[in-house]
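Written below as structure tokens is the structure these notes are about.
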Amino acid sequence: MSKSVGVAPHNIVNKSGLHWRDYYEMTKPKVVMLLLLTALVGMCLASETWISWKILLAGLTGIGFLSSAAAVINHVVDRKIDAQMARTSNRPMPKGKVSPQRALVFAGVLTVVGYLILELWVNRLTALLTLASLVGYAFIYTMYLKRATPQNIVIGGLAGAAPPLLGWTAVTNDIHAHALLLVLIIFIWTPPHFWALAIHREKDYARAKIPMLPCTHGIEFTKTSILLYTVLLALISVLPYLIGMTGAIYLLGSSALNAGFLYYAWKLKFASDEHTAMKTFKFSIIHLMVLFVVLLVDHYMRFTF
């Protein structure tokens, strides 16, 4: 049964239902927490010693504020699209709980405060790179790429892959190849992650006229693309060990995680049910989260074969 969706008129806000939880929801806290985990790992891997708690706190707070601001802007720009999709129709803006004007003010405050924290207590490089990531996600991806090309996730994924680099520069004030390798891992992880969701929500995206890969090239083509990207991810994930960046704990952990992701991608390729795509999507989140935890454990408990 299809779920009816709709949007409140843009000039009508349900003030009686206005609540801080609506603003909190617009920051996409679960997504931001995963981003901050990858930023934290970037910080830790950048140093052989314990990180200053001031840099740790200021860095994660500033990156978190700017990431949250990007999420809020995404809510504003996508409010009409969100109203047409069952998955997003209950968000605060389609429901008329928060006006675009108030949301933009909220995003502006988060942006200014986040940038100043990074500029004043971390370093300018991190502040500028984090601001660039906000622009890349909230404006280049959300306003243009998402609506323009089925490769939106591939190109726009770079902004979402940046946090490990931001964490690294927060500690070192320098861009290092090891940090870029962490970015590359997330960059390659992003397409199969989102395409699995896009398969599950293909009708939603088609209704909203968003050119996601399943809508433009078909579900079978998308399944093949997911499998190929997952194979590429498994190969790329070995590089940190091969260049001496990580030890045996990471090699074993990442191999097990990639084997799991490959299992789901292979199963999805030949599945005809409606649930495998969502299972693949959910596992991809676990994959990235645990992969970066394994990186952290390996860094502080290093041993090699």
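Every residue number used here counts from 1 along the chain in the order it is shown.
Placed from the backbone N, Cα and C atoms, the Cβ positions cover glycine too.
Listed in Swiss-Prot for this protein:
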TRANSMEM  31-51  transmembrane segment
TRANSMEM  53-73  transmembrane segment
TRANSMEM  103-123  transmembrane segment
TRANSMEM  125-145  transmembrane segment
TRANSMEM  152-172  transmembrane segment
TRANSMEM  179-199  transmembrane segment
TRANSMEM  231-251  transmembrane segment
TRANSMEM  277-297  transmembrane segment
Segment-segment contact (the transmembrane segment (277-297); the transmembrane segment (103-123)) at 3 or more Cβ pairs under 8 Å: no
Of 103-123, 125-145, 152-172, 179-199, 231-251, whichever stretch has the most CB pairs under 8 A to the transmembrane segment (53-73): 103-123
